[in-house]
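Feature list (source: Swiss-Prot):
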{"type": "BINDING", "residues": "15-22, 62-66, 121-124", "note": "GTP binding site"}
{"type": "MOTIF", "residues": "37-45", "note": "motif 'Effector region'"}
{"type": "MOD_RES", "residues": "CYS189", "note": "cysteine methyl ester"}
{"type": "LIPID", "residues": "CYS189", "note": "S-geranylgeranyl cysteine"}
Amino acid sequence: MSGDLDRQYKLVVVGGGGVGKSALTIQFIQSHFVQDYDPTIEDSYRKQCVIDDKVAHLDILDTAGQEEFSAMRDEYMRTGEGFLLVFSVTDRSSFDEIPRFHTQILRVKDIEEFPMILVGNKSDLENERTVSTAEAQELGRKLKVSYLESSAKQRINVDAAFHDLVRAIRNANKASVEPLRKKEKSRRCIVL
């Protein structure tokens with residue numbers, strides 16, 4: 001149990017190009033907003049924080065959104081323990097790409113559900129919004145993931161996105177351990 005108190009989590013930030021994945025990650029790690037868009041190939045960050053009174057060492061992979069780097073996706077999808085599915089509320093096509101990322105993660109993991117959080121970034125640009133909160137919430141329900149809106153620029157729900165993902169990983173781990181414990185307790189030896 002003590003290993004669970006001080007644990008490393010491999011988080012992966014995925015989504016289309018220009019949705020603010022790097023801005024979200026850098027705001028979380030360094031409390032700094034990156035104004036200029038510089039396409040990422042792949043960057044890795046580390047941060048230690050306390051989430052629900054437990055120390056968490058976060059190993060965050062900020063991925064390329066551009067299609068030309070899609071060959072790298074299977075590898076980081078294999079190793080990630082949880083995923084932030086990021087789209088921009090001002091970019092309809094980035095929202096439409098999310099089910100493809102979700103499906104690809106589940107295919108690579110060969111599982112029906114996995115810890116993921118749907119993040120609608122750039123919520124500060126309300127006048128440029130092309131994706132409503134209601135339709136994003138509906139997609140979250142359909143994909144069986146929770147949804148939140150964030151603004152890397154105004155630091156709205158930045159910490160919440162990463163912390164909620166760690167909680168989702170912890171809950172998934174707890175759910176997979178519970179049935180094993182119940183099986184162990186129910187074993188009985190019958191002598192005939």
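Using the three backbone atoms N, Cα and C, a Cβ is placed for every residue, glycine included.
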If we count other C-beta atoms within 10 Å, could you say which of the binding-site residues GLY15, GLY18 has the fewest?
GLY18
For the binding-site residues THR63, SER123, the largest set of other C-beta atoms within 10 Å encircles the C-beta of THR63
Number of other Cβ atoms within 10 Å of the Cβ of LYS21 (GTP binding site) across all protein chains
27
For GLY15 (GTP binding site), which of the three DSSP-derived states applies: helix, strand, or coil?
strand
Looking only at the motif 'Effector region' (37-45), what is the mean pLDDT?
67
